[in-house]
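As recorded in Swiss-Prot, the features of this protein are as follows:
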TRANSMEM  66-86  transmembrane segment
TRANSMEM  94-114  transmembrane segment
TRANSMEM  126-146  transmembrane segment
TRANSMEM  154-174  transmembrane segment
TRANSMEM  182-202  transmembrane segment
TRANSMEM  243-263  transmembrane segment
TRANSMEM  287-307  transmembrane segment
TRANSMEM  320-340  transmembrane segment
TRANSMEM  348-368  transmembrane segment
TRANSMEM  378-398  transmembrane segment
TRANSMEM  414-434  transmembrane segment
TRANSMEM  480-500  transmembrane segment
C-alpha cells in the first residue's frame, strides 16, 4: 500500500468531546475550569471574616446576613437554568457569559457604599458563580474521556472542600492588609484568565437536543424562598412580626410554595417532583440537609463576629481560628463517605452528627470573654465533625436509594435543601443576634459611657479603656452565645429525625463517596445519562476488553484489528477526516507501527484507504454495530446489580444506555488493550 502523504496539521473542528484532544490542550482547559470553580466557591466564604469590618464601614447590622444569603440564593436559583442553557446554547458560551456576570458582580461588590447595594451585587455575583460551577462540571464531562472523568471531576469537587479552608484565610488577610473590598476584586484577574482560556482553547462541542426548562417552577421557588428569608431576617428587627410587611411576606411565601407544589406535579421537567417526598428516606434526608446547612453557614458567619467583637481578633486571626471547625468537617465528611461506600451502613452517621452538633452548640453557648482560645477551638472541632458526619452521607444516601429516573433531581434536591438551610441559618442567626444585642446594648453604652460610633468596629472597641469596653464586649458575648443556644433546638430536631431515618440496602449505581462537590457545592442537575455514566466510569478500568470481544463467536477480528477499526470510527465521529498520520501524532507513535494493521482492515473489506485518508466501509460499520451490542450487553450484566435500575421504565433506561454505549465507543482510548509498544509492533507484524 502506498505510503501516506505529507503530514497535515491536526484537525480542529471537533464535533464531540473525547480523548483525541491533545493532553496539553485538555489540561489547559481543565485548569481554567478548576480556577473558575475556585473563584465561584471562594466567593461563598471569603466575605465571612470581613463582615465585622464591612458592617463598621457600611452600617446596618440588621442586613449583614444578606451579604452571605443573597450569594447563596443567586447561585442556587440559576443552577437548573444554566445547565439547560448549556444544552441549548453551548457550554462554552454559557461559561463565558457566567464569568462576565461574576466579574461584574465582583466589581460592584467592591464598589458598594451601602449594605443594600452589597446585597444586590452579591446576588449578581452568586448568579455568575452558580452558573460557572454547573457549567464547569458539564464541560469537564465533554472534554475528558469517560474513563478518566471521575478523577478529573473529583478534583473539581475537592476545590469546594479546600476553599472552605482557604476562603476565610484569604478574606481575613485581604481585609487586614489591603481592604475588605479586595475580597471581591481579587476575583477579577483570575476570572479574566479563565475567560481567555475559555474563549481560545475550548473546542466547539456538539449540542444535545433542545432541553425542556421549567422556567416557571424556578421563578416560583425563588420567590417563595426569598420571601421566607426576608421575613425571617426582617421580623422583629426592621419590622415588627405583626406588621403588614412581614405578614405579607409570609402569606406570599405560603401561596408561592403551594403553587410550586401544584405546578411541579404537572411540569414536564420538574426541578423538584413532589413524588420524591413519597420516599421517607428522601424526605428525612432533605430536612437533615437543611439542618446541616443551617448549622454550617450560621456558624461560619457568626463565629468570626464573636471572635472579632468578644476576643478582639483581627480578620486574619478570625479566619485562622475557624480552621478547627473546617478541618473537623473535612475529615469527618470524607471519612464518612468512604466508610458508607465500603460498609453500606449509613444511619449511624447522621444520628451521631446531629448529636455532636447539638453538643457543640450547647458548649458554645457557655462561652464568654474569658473562655480560652484552645477551648473554643475544641468546641469548633466538635461542631465541624458533627456537620461532616452528616453532610456528605446525606447526598450518598439519596443517590443510592432513589430510582434511576430520579437520581439527578433527587441529588440536586437534597443539595438544594442544604443551600436553603444555609440561607435560613444565616438569616435566622442574624435576626436573633440583632434582637438579643438591641436588648443589651443600650444599658452597656450607658454603663460604659462609650460613644456610639465606636460600637460597630471591633478594632476601635478593643482600643478603648477596659472599663468602657467591658460592658460592650459582654453584650456581644451574651447575645452571640444566646444565638448558639437557640441553634441547639434546631439540631435536636435533626437528631430526632435522624433516629427515624430508615436504613435500606444501598445500590451500586453511585458510590462517589469522596466527591466533595456533592456535599459542599451548589446543586447540580444530572440527567439519566449523566448518572449512568457515573456508574460506567467506575467499571471501565476492569471492564470490557478488546481481548474479550475478539474471542466472541463471529467476531472475526484480532485485538489489533479491533483497535484499528475503533480508531477509524472515533476519528470519523470526532474529526472531518481520518488520517493515519494524525492517529500516529495523537498517540506519539510513528504511524508505520500501526500501518500494517490498517492495511489488513482494507484487505478484509472493513476499511478503505486513499493515500493518507481512511474510511469505514459498510462492512466496517456493521462490525462496529456488533461491538456496540457486545459492550451494551456487558454494561447491562454489570448494572443489573443496582435495584434502582430495575424500577426504571424501559424506554428511558434504554435511551440512556444507548447514549453511554456510544460514549464508550467514541471516547474510550482502547490503546491500553494493545499492551506496551513492543507488543503493539508484534501485533502489527502478525498476519
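For all residues, glycine too, the Cβ spot is worked out from N, Cα and C.
Note that the coordinates shown come from a computational prediction; the quantities given were computed from them, not determined experimentally.
At the 8 Å Cβ cutoff, the transmembrane segment (414-434) and the transmembrane segment (287-307) share at least 3 close pairs (sequence separation 6 or more) and count as touching. Across 66-86, 320-340, 378-398, stretch 378-398 shows the highest tally of CB pairs under 8 A with the transmembrane segment (348-368).
The transmembrane segment (287-307) makes no contact with the transmembrane segment (126-146): fewer than 3 of their CB pairs lie within 8 A, with pairs spaced 6 or more apart in sequence. For the transmembrane segment (94-114), the list of distant contacts is 36, 39-40, 43, 58-60, 82, 85-86, 120-129, 131-132, 135-136, 139, 181-182, 184-185, 187-188, 191-192, 194-195, 198-199, 202: same-chain residues at least six beyond its ends, Cβ to Cβ under 8 Å. Cβ atoms under 8 Å from those of the transmembrane segment (66-86) belong to residues 40, 43-44, 47-48, 51, 54, 94, 98, 115, 118-120, 122-127, 129-131, 133-135, 138, 211-215, 218, 221-222, 225-226, 229, 233, 271, 297, 301, 412, 416, 419-420, 422-423, 426-427, 522-525 of the same chain, restricted to positions at least 6 beyond its ends.
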